[in-house]
Amino acid sequence: MSKQADSLGFEQDAKPENVVWHRHAVDKAQRATLKQQRPAVLWFTGLSGAGKSTVAGALENRLAALGYHTYLLDGDNVRHGLCSDLGFSEQDRRENIRRIGELAKLMSDAGLIVLTAFISPHRAERQMVRDLLPNGEFLEVYVNTSLDVCEARDPKGLYKKARAGEIRQFTGIDSAYEAPLNPDIDLPAGEKSVDELVAQCLQALAERHIIQRWV
């Protein structure tokens with residue numbers, strides 16, 4: 001049987017068929033029942049500066065106040081740990097989304113309402129994550145803010161650096177952003193307040209029976 005060394009130096013079987021799935025004694029439905037909620041993944045996508053983290057954070061705060069069990073995965077935060085080994089090449093960006101998708105799936109399996117805030121510029125990558133989850137459990141949330149508004153905000157100074165050529169392949173400037181064609185939730189973040197956007201999200205969750213109480 002062929003062997004290969006992993007990153008820690010341990011020998012592993014090279015063939016993936018030697019890895020089997022271990023079934024849990026407590027399943028997803030039981031975890032969700034204990035939490036009295038329906039698991040879901042809300043995937044916030046949009047340009048840098050669109051307001052993804054702001055709206056997702058405000059929504060999580062509101063859901064927590066209502067007694068729901070949540071977790072917010074933020075694009076910057078995961079690059080301090082889980083994805084700290086990745087850069088910003090197309091390949092690394094895709095791997096970044098793949099890892100977050102798998103993590104979000106595990107958190108959903110734990111019965112949580114998962115919120116993620118990532119630019120995730122390509123439709124194929126967002127579809128890749130949707131395909132990981134049961135039908136109706138992935139909600140694409142488009143934080144719909146124009147490039148002009150995002151660039152005017154420029155909270156991290158990234159657009160200025162991109163325009164100056166200090167950052168290459170920056171989404172919206174010299175790298176394309178593929179806006180969702182039919183998002184589950186379309187947030188006009190350049191026109192409404194954060195509170196209004198949160199209310200829109202809560203209503204959408206209630207309509208899908210993901211939450212029962214939100215007023």
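Cβ atoms here come from the backbone N, Cα and C positions, even for glycine.
Among the features that Swiss-Prot reports, ATP binding site is placed at Gly46, Leu47, Ser48, Gly49, Ala50, Gly51, Lys52, Ser53. Neighbour count (other Cβ atoms within 10 Å of the Cβ, all protein chains): 28 for Lys52 (ATP binding site).
Same-chain residues at least 6 positions away in sequence with a Cβ under 8 Å from that of Ser120 (active site, phosphoserine intermediate) are, in sequence order, Trp43, Thr45, Ile97, Arg126, Val129. Feature annotation from Swiss-Prot assigns active site, phosphoserine intermediate to Ser120.
Around Gly51 (ATP binding site), a 10 Å sphere centred on its CB holds 26 further CB atoms from the protein chains shown. Listed in sequence order, Lys52, Ile119, Tyr142, Val143, Asn144, Thr145, Ala189 are the same-chain residues six or more apart from Gly46 (ATP binding site) with CB atoms under 8 A from its CB. Counting only residues at least six positions away in the same chain, the Cβ atoms of Val143, Asn144, Thr145, Cys150, Ala189 sit under 8 Å from the Cβ of Ala50 (ATP binding site).
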